[in-house]
Amino acid sequence: MPLSINGVLCTLTLLILWQAEELVEACSCAPVHPQQAFCNTDVVIRAKVVGEKEVDTGNDIYGNPITSIQYDVKQIKMFKGPDQDIEAIFTAPVSAVCGVTLDTSGKKEYLISGKMEAGGKMHVTLCDYITPWESMSPTQKKSLTQRYQMGCDCKIVRCASLPCAISAPEECLWTDLMMEKQVYGRQANHYACVKRTDGSCSWYRGMAPPKKEFLDIEEP
């Protein structure tokens, strides 16, 4: 029995809505502590974005062109990454597929983390830790030079619901969401999870690197 015009239109509408919903939900990222972002990425830089253009990066399996957004950047400092300066970063063209939108006026400084791809290109997504430099706490900025690296063998466990607890001595429990009702609270802004001499990990707060007494002590 042939479908009615209304039936066809209804089916097409449902398909379009389903595809739109899939597109909107395509980019989903779990929150990470800044230290986790530092440890899990290839490159971390402080930079200004000074230009933007759309570039072709190849074709999909159907032969359709794939485009990316190229942001030209002026690197101020590299905290982690290759020997050469990063002059451009690449991202998807829309946020639905995790593309990042940045201010290209050259007036705003960012902390940008991302992955190195084949050919030495730096690629960033909404799941990478990218934030205005001025919004970072003094402790976060200081931790980029040493403290975060000291804790890369540790595991930060996010407390998403109560009860929550660590299951191993090399873990630190991240409770900002439960205790302060925000993802980036005290622990994200002012603490690093560092490894002690006995192999366990613990939260440390302070501008200076942890002293030997803290690293050797059994309890913070």
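The backbone N, Cα and C atoms fix where each Cβ goes, and this holds for glycine too.
Between CYS172 and the candidates CYS127, CYS152, CYS159, CYS193, TrEMBL records a disulfide bond only with CYS193. The recorded disulfide partner of CYS164, taken from TrEMBL and restricted to CYS154, CYS159, is CYS159. Candidates considered were CYS39, CYS98, CYS127, CYS201; the recorded disulfide partner of CYS152 in TrEMBL is CYS39.
TrEMBL lists a disulfide bond between CYS154 and one candidate from CYS98, CYS201; that candidate is CYS201. Here the C-alpha separation of CYS201 (disulfide bond) and CYS172 (disulfide bond) works out to 6 Å.
Taking Cβ-Cβ distances under 8 Å and a sequence gap of 6 or more within the same chain, the neighbours of CYS127 (disulfide bond) are CYS27, CYS29, CYS98.
Nearest in space to CYS159 (disulfide bond), taking C-alpha to C-alpha distance over the disulfide-bonded residues CYS39, CYS152, CYS172, is CYS172. Using a 10 angstroms CA-CA radius around CYS193 (disulfide bond), the disulfide-bonded residues that qualify from CYS39, CYS152, CYS154, CYS164 are CYS152, CYS154.
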